[in-house]
């Protein structure tokens, strides 16, 4: 852990769902959840607006969204989640309800189980989830 500031992007559900589908994944690991400590909320891209139409389709031809050609471009539609209080790592092996709500949403939306959740920068700061 260096303590330096980092730029963090919001999770893109349609893109991750595509990656899960093409790789036939049945379970995934969620890392870096602790980087949201101190945020007011977590946002997740759940779909896009492309040329005025809502879609979850992944665009491989980004020229469809080219602003220079007078098109509206691509805009992400976000769902927001409340954040937990304090540092995630202080909760030990239990996720706070806000983090658990986020994890369960991801599992339901992606159609896979999240078996490990990283809660801190150290190797041992990982929660193994059971059902």
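Please read every residue number as a count from 1 along the shown chain.
Cβ from N, Cα, C; glycine included.
Straight from TrEMBL, the features:
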BINDING   4  IMP binding site
BINDING   6, 32, 33, 34, 118, 119, 120  GTP binding site
Open item on the list: Excluding near sequence neighbours, so keeping only residues 6 or more apart in the same chain, what lies with its CB under 8 A of residue 120 (GTP binding site)?
Closed with: 34, 87, 88, 89
Open item on the list: Please identify which of 6, 32 has the densest Cβ environment, defined as other Cβ atoms within 10 Å, among these binding-site residues.
Closed with: 32
TODO: Would you work out the biggest C-alpha to C-alpha distance among 6, 32, 33, 34, 118, 119, 120, the residues that bind GTP according to the record, and give it in angstrom as a whole number?
DONE: 17
- [ ] Let me know how many other Cβ atoms fall within 10 Å of the Cβ of residue 118 (GTP binding site).
- [x] 19
TODO: Have a look at the binding-site residues (33, 34, 119) and report the one with the fewest Cβ neighbours inside 10 Å.
DONE: 34
